[in-house]
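J.: So TrEMBL lists these for the protein:
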- 219-254: region 'Disordered' (REGION)
- 24-42: transmembrane segment (TRANSMEM)
- 48-71: transmembrane segment (TRANSMEM)
- 83-102: transmembrane segment (TRANSMEM)
- 108-129: transmembrane segment (TRANSMEM)
- 141-163: transmembrane segment (TRANSMEM)
- 169-190: transmembrane segment (TRANSMEM)
Amino acid sequence: MVYLAPLPTFVRVYKKKSTEGFESLPYVVALVSAMLWIYYATLKPNAFLLMTINSIGCVVETIYIIVFIVYAPKKARILTLKLLLVFNMGALVLVLITHFFSKGRSRIHVIGWSCVVTSAAVFAAPLSIMRSVIHTKSVEFMPFTLSFFLTCSATLWLVYGLLLKDFYISLPNIVGVVLGTIQMLLYVVYKKFNNNIAKDHERKQPSPIVNGKNMNHIKASNIDSSSPQVSGDIEVGRDENLYGPQLEHSDDGV
């Protein structure tokens, strides 16, 4: 579910043919993290679950990154390609060093700590988006579903790591639970703030103007328009009585 959480974001990117204000860093870091966890799973016995989930993650994150590169502006596209190159080369060098120069438990420790760092980076990657949310007071580019599922996933992996007594699995997910909770709180606070601003804006909307006239004043005047009409009728009737005798007198004269 964590890997599928950004799906609405990329459906939006595909429909609008634009990445808008979204960033690729969280997805690049998640891809590298998933690859390192696969390598870690090959070093551990009974790590089928770890292997399966992160293999799915590699496929899904690759698709996200491809979609991002296709629809991103030139500057964002170049930055994404640079990030992919740097992170993947770093992961490759790490795997080669541990494969040829580390044995047994030492290799597990090196890769384990590397997984801890990259997993923490996955949870910390949205920090730039959080900073943008605080600065702009808008949650448009921080999807709630991603934060929610990241927090749920981190909680479950934390419990799983504690049950297996695997420090490398449990430690980064403590960071994930904390940061995920902060992201959801930010979303709730600033979503409510945006709704209040929208309501205030609606209240302060200017009165509609038609042909240079304020329609609210026209409506208000129509409410009181019955009194002048009655007085006008009375005045007309009075005029008719006033001229009536003159007309009769002229007829008699004829």
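From the backbone N, Cα and C atoms, a Cβ is placed for every residue, glycine too.
All annotation found in TrEMBL is predicted automatically rather than curated by experts.
Can you walk me through where each of these features ends up in the structure?
T.: Cβ atoms under 8 Å from those of the transmembrane segment (48-71) belong to residues 2-4, 6, 10, 13-14, 17-19, 22, 24, 27-28, 30-31, 34-35, 37-38, 40-42, 77, 80-81, 84, 160, 169 of the same chain, restricted to positions at least 6 beyond its ends.
Note on the transmembrane segment (108-129): residues 23, 25-26, 29-30, 32-33, 36-37, 39-40, 43-44, 94-95, 97-98, 102, 141-142, 146-147, 150, 154, 167-168, 171-173, 175-176, 179-180, 183 of its chain, located 6 or more positions outside it, place their CB under 8 angstroms from a CB of the stretch.
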J.: Do any residues of this chain, six or more beyond the ends of the transmembrane segment (169-190), have a C-beta under 8 angstroms from a C-beta of it, and if so which?
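T.: For the transmembrane segment (169-190), the far contacts come to 50, 115-117, 119-120, 122-124, 126-127, 130, 133-134, 137-139, 142, 144, 147-148, 150-151, 153-155, 157-158, 160-162.
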J.: In the same chain, who gets a Cβ under 8 Å from the transmembrane segment (83-102) while lying at least 6 residues past its ends?
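T.: Here the qualifying positions are 24-25, 28-29, 31-32, 35-36, 39, 65, 110-111, 114.
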